[in-house]
Amino acid sequence: MCWFSVICVLSIRFLLEIHDSVQYNLISVRNSVLYKRFSVIQAAFKSLQTSSAVDLHSQLKELIPEQQERLKKLKSEHGKVLLGNITVDMVLGGMRGMTGLLWETSLLDPEEGIRFRGLSIPECQKALPAAKPGGEPLPEGLLWLLLTGKASSTPPLYHVYKTIDALPVTAHPMTQFATGVMALQVQSEFQKAYEKGIHKSKYWEPAYEDSLSLIAQVPIVASYIYRRVYKNGEVIPMDDSLDYGGNFAHMLGFDDPAMLELMRLYVTIHSDHEGGNVSAHTGHLVASALSDPYLSFAAALNGLAGPLHGLANQEVLVWIKSVVEECGENVKKENLKDYVWKTLNSGKVVPGFGHGVLRKTDPRYTCQRDFALKHLPDDPLFKLVSNLYEVVPPVLLELGKVKNPWPNVDAHSGVLLNHYGLTEARYYTVLFGVSRAIGICAQLIWDRALGLPLERPKSVTMEWIESFCKKAASA
C-alpha cells in the first residue's frame, strides 16, 4: 500500500466550538497554545514516511547544501555565458520571452506545457500518490515533489475572521482572501527570526515554517470567505480524516466523492506555472526584499486577481453562460462561430483561449477534459466547451493576430466546478489562489536556501531606446 494512503493533512485534532457572539458566528480555538507553531503540513508528512524515510524538513536540510554548491559552481564556471539576446520588442512587450529568472520548481515548455520538477501533468498523475487507486493526485504529494524533486491545520486565528468581517460582504472574494492572508502575517516566524538576527544561511528554515503554515491555513481562510459570502456565514469545520484537496471541498460544503477528486486535481494542476507569470513573479519579487512568505503571497494574490491572469477563469464561465443565454445550450457550431466573431468584433477577447508561452493545447486543459469525459460526459456546458474547442481556434487563426489559438487551463475549470454546484464564478480565482500557494511557497523556500538576491532589473526610457537604436543603426 502506498505510504500516502494513510494521508491526514490536517493531522492535529483541534478542539473547535462555535463562538457565541451573534456578530461573529465563527469557529474559535479552545486552546491557543496549539497555535504557537503552525506545522500541520509538516506533521502530516511525518506521519507518512516509511521506517527508512526522513521527514520533509530533514530531507530539505540534506538537499540544500548540495544545491547551494551547485549554484556556486554555475556562477563561477558559467556566469558569463549568454542565454540570449534582448530585443526592443521584448523590453516594450512586458519582458515576454526574456530568460531572466531562476525558478526550480517548474518549467513551462511551449510544446509540452508545464513540467513540475521535470514531470509532465500525465506523468504526475501516474507518479504521485492518490487518495484512492486510479484517483487524481494529492496536492500534498505535489508539494513534496516541488520541494524535494522526488515523487515518493490549523484554523486561522480569530482576528483573521474579524479582519475579513470588517470588509463588506459584497467585496470581491479575492479582496477578502488577500486581506485574510495579510492578517495571518502576525504569526510570521521569519519576521521574528530576522528581527532577532538570524544568519542568512538559516533564512530558509523560518521561511519553511511560514510557508507550510500558510499552505495549511489558506483553504480554511478561503472556505470561510465562501461560506460568509454565499452561505450565510454557516462555517463548516475541517474533517481531519480527509486529505488537503478533499478537506478544502468539504469545508466549502461539497462532499460528493467526485467533487473531492476534482478539487485534488484542480489544486495540483494550478499550483505552479514556472516563475514568469504575474502571481509567481510578484511573490518572488516581493520575497527577494526578504519580505516574509505571508507578505509575499498576499502580493502574489493581488496580481492573480487581475483579469489577464487568474480572474480569467471567472470570465470564461460568465462568457459561456452568455453564449447559452443568447444561443441556447444546444447551439449549432455555425451559430457558435457567429457568436465568437461577435465577441471579437466588439473589441473583446474570447476568454480561455491563447497563452503567452504555450503553442499547443494546454495539458491542464486536456487533463480536465479527460476528467469531464470520465465523470460528466453528458453535461450540457461540457458539450459546449467541447464545441468551442473545435470552433474557436480556426476563428482566431483566421483573425491572424494570435500566435496560440488553443484553449488554456481557464477554458475548462469553471464548467467542472459549475457541474458539482460551485456556481459562483466570482469565487473561482480564490480557488486558483489556494492552489498557487503550493508552488509559490515551495520556490520561496528555495529562494532563501540558495540566497537569491534582491531583484532589481534595469529600466530605460523611450528616449534611451531611440538613442540606442540610432547608434546601433549607424555603427
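Cβ coordinates are placed from backbone N, Cα and C, and glycine is handled just like the others.
TrEMBL annotations: computationally assigned, not manually curated.
Features as listed in TrEMBL:
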| type | residues | note |
| --- | --- | --- |
| ACT_SITE | H309 | active site |
| ACT_SITE | H355 | active site |
| ACT_SITE | D410 | active site |
| SIGNAL | 1-17 | signal peptide |
CB within-chain contacts under 8 A for H309 (active site), separation at least 6: N277, V278, S279, G303
Fewest Cβ neighbours within 10 Å, where candidates are the active-site residues H355, D410: H355
Rounded to the nearest Å - Cα separation of D410 (active site) and H355 (active site): 10
